[in-house]
């Protein structure tokens with residue numbers, strides 16, 4: 001693992017690294033606005049049927065639903081008339097003339113009447129956005145391994161900026177969901193490339209802190225979104241406001257250097273040397289950088305250079321046993337996190353609390369959650385933190401099934417706690433996954449694993465439909481899946497204080513070394529207790 005030593009020579013934690021993380025973090029801060037944007041741009045205000053044109057002569061009485069509230073999707077066929085029989089007076093029909101919305105803020109719901117029979121289109125729009133993130137993870141992850149991290153990051157910024165701005169000018173709902181799909185693709189490319197570039201340019205001891213710092217950027221973005229939504233009541237202007245900054249990020253990304261590991265593995269050692277010297281000069285170690293030579297770089301990274309011709313694809317994640325086990329466990333953890341997270345994050349309206357205040361609370365819980373995550377990742381380890389986060393989240397969601405609907409405060413507390421645990425799970429997963437996969441297939445592994453959280457986020461709205469059959473079903477499903485994801489994380493190896501693996505052989509050797517210390521003490525103790533029985537119970541149980 002000679003790259004860590006080379007990084008120390010040019011400055012492993014100097015001015016370059018702090019500026020590098022800052023440039024990567026600013027887009028993440030604004031990315032939260034896109035992920036959760038439909039909480040506000042697709043808010044459904046109170047509404048009722050618009051009276052027919054001939055109703056202007058007198059008051060139009062609306063029918064009452066079984067819950068004692070005014071019907072939102074039905075109206076009486078005839079106005080109140082004492083001369084008509086009761087059955088005729090009570091006859092109802094759908095809202096043939098549209099709806100009246102009790103809100104001064106517009107949204108895609110009010111503009112395209114996504115209520116009553118069309119209310120599923122609102123959830124479909126969010127699912128299509130998540131489908132874009134899913135497809136982007138598959139396509140851009142592989143392209144990043146082939147063409148580099150920075151080109152994909154730059155193109156993703158431009159895609160999100162163009163797609164988001166175009167969505168603000170959408171003339172129809174179909175065009176809106178198409179542009180949102182493109183936004184999802186861009187977000188996936190940004191997320192994957194940012195995580196890789198962050199991890200590969202910082203030393204081992206600082207990986208957890210820097211990864212969590214990026215997570216805090218997302219948290220701050222959750223605070224910004226309610227303020228923007230409150231100040232900008234028109235959904236088109238809000239959509240445009242959160243999209244324009246990515247044109248600036250597109251320009252600033254040209255300063256971001258390419259991954260040295262990727263350059264070396266791609267046979268571009270001379271370019272890697274130039275970047276290392278530039279970083280050394282920026283960190284005040286210009287002389288040390290000048291001492292680096294192309295021959296020395298090739299000699300120290302000979303193992304990595306010899307692997308440049310090796311091509312790996314997503315199929316290798318399932319063909320090679322050690323990668324297959326890791327991919328299965330990580331995929332389940334990613335799926336459970338996305339599945340449960342968006343059931344809470346996008347269900348803010350269901351808790352009966354002010355939309356803006358609750359979103360601030362949901363964002364605020366990430367502050368202590370991520371701080372605790374830093375401590376846990378640094379001292380307890382990755383797989384313990386990951387498992388605990390999902391198991392606690394699953395327990396909180398299952399507890400919601402036993403709390404009556406009228407106890408809104410208790411339900412809100414459980415939901416906020418569960419959301420905090422799932423945010424911790426996301427923070428841990430991005431770091432953990434990038435540390436588990438070797439460099440030669442890291443971006444592809446990140447893409448495939450991250451894909452499953454998008455599958456979960458796509459399926460999450462559909463599970464809510466089962467609540468029409470039995471209200472308890474959705475939370476039971478969400479909770480059980482979270483518990484399964486937490487259990488799968490327990491079978492992953494620990495990566496605390498371990499250097500990043502470069503090759504698949506490194507992962508296999510690493511796994512063998514992780515098991516060896518656990519076996520040797522047991523063998524030694526067994527030989528001391530029963531020297532005449534080398535195959536006794538103690539050794540056999542190991």
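Backbone N, Cα and C define each Cβ position, glycine as well.
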Annotated transmembrane segment segment (source TrEMBL; candidates 107-123, 124-140, 141-157, 158-174):
124-140
From 56-80, 81-105, 281-305, 356-380, the residue range that TrEMBL assigns the feature transmembrane segment:
356-380
TrEMBL annotation of transmembrane segment - which of the ranges 213-232, 413-432, 433-452 it falls on:
213-232
Could you check which of 29-47, 238-256, 257-275 is flagged in TrEMBL as transmembrane segment?
238-256
State the residue range annotated as transmembrane segment by TrEMBL; the candidates are 326-344, 459-477, 478-496.
326-344
Same-chain residues near the transmembrane segment (124-140), Cβ under 8 Å, at least 6 residues beyond its ends:
38, 42, 108, 152, 156, 173, 176-177, 180-189, 192-193, 314, 342, 346, 447-448, 450-451, 454-455, 457-458, 461-462
Which of 177-201, 238-256, 326-344, 356-380, 387-407 contacts the transmembrane segment (213-232) most, counting Cβ pairs under 8 Å:
356-380
